[in-house]
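What follows is one structure encoded as structure tokens, with my remarks underneath.
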Amino acid sequence: MENSSEIVSFVLAAYGNVGDFKYLYFIIILFWYVSICVANIVLIVVIHVDRRLHEPMYILLSNLCVNEINASTSLYPLLLSQMFSDSHEVTLPWCFLQMCCLYTSAPAEFWSLAAMAYDRYISICHPLRYNVIMNTERVLKIILLVWVFSFLIFILSFSFIFSLQFCGNTVDNVYCEHQLIIRLSCSVSVQSSISIIIFVIMSIFIPFSLISVSYVKILTVCRKTSTENKQKAMTTCTPQIVSVSNLFVGCIFHSINFRLLISQVPDEVNIILPMYMLICQPMLTPFMYGFNLPKIRQSCKRFLKRLF
């Protein structure tokens with residue numbers, strides 16, 4: 001941090017026009033954040049308590065819910081704390097910590113979905129070998145590998161930001177977004193462009209390709225099976241297809257500057273759409289994957305009967 005000692009904090013300029021709506025925004029954001037945490041925690045607890053759900057698919061789902069809480073916590077508490085701030089400043093360490101959490105959760109999300117796609121591929125295409133290939137010990141190793149690899153992707157792609165010298169401190173957003181932070185550096189090098197390309201390839205392109213290959217093979221096998229088996233396959237695979245599609249849309253929203261495409265776009269739209277993944281995905285996961293599956297619905301009913 002020696003090179004950036006003159007800049008000790010960033011100003012999140014997008015909060016400037018909150019005005020009298022700050023109380024309404026605070027209530028909405030708090031409600032949504034609490035709802036995300038409750039929905040994902042309930043699913044994690046149900047999977048942990050019910051031994052009948054101690055299967056690879058549900059263990060991987062539980063890990064995905066943990067990541068949704070991690071991603072949400074990296075964003076929403078800052079939004080809530082800044083809502084009543086007059087300066088809207090965030091110190092460099094906190095800004096870098098937020099980026100670390102955000103850009104670790106992104107590859108963790110895609111690689112977790114890739115692991116779940118592989119699990120479904122083995123279950124549907126190689127059912128007789130499923131218990132040998134996807135045992136609990138191996139699943140836990142996969143989860144550990146996902147988190148270690150995701151953190152390494154972040155370090156490899158964005159660790160150079162920590163030593164940048166900054167010539168400005170105004171971030172035109174409501175959170176610390178890496179591209180905007182890089183633009184504030186005194187000299188933008190080729191390294192920044194390369195780092196973004198590496199991050200996209202390692203955290204999005206490769207796992208998305210593996211997910212696509214898995215589902216192409218699953219669909220190929222399903223075409224040759226009975227109608228009942230096709231329905232079972234679609235019941236377990238549809239949520240992931242919807243989730244991956246939603247993430248793909250979120251990536252498009254995150255990478256596009258809507259002011260350049262459409263004139264007179266409200267500032268709120270240009271701020272909210274890049275956060276689409278952090279708004280919709282954490283709530284989509286527990287409902288599409290968890291409460292939508294019959295086995296988990298039954299387990300939730302049993303769990304609620306015990307409590308009440």
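A Cβ is built for glycine as well, from the same backbone N, Cα and C atoms used for every other residue.
Source: prediction; values computed, not measured.
Taken verbatim from TrEMBL:
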TRANSMEM  23-46  transmembrane segment
DOMAIN    39-289  domain 'G-protein coupled receptors family 1 profile'
TRANSMEM  139-162  transmembrane segment
TRANSMEM  194-216  transmembrane segment
TRANSMEM  237-256  transmembrane segment
TRANSMEM  271-291  transmembrane segment
Other parts of the chain folded back onto the transmembrane segment (139-162), taken as Cβ under 8 Å at six or more residues beyond its ends: 1, 56, 59-60, 63, 96, 99-100, 103-108, 111-112, 115, 119, 178, 181-182, 191-192, 195-196, 198-199, 202-203
PLDDT averaged over the residues of the domain 'G-protein coupled receptors family 1 profile' (39-289): 84
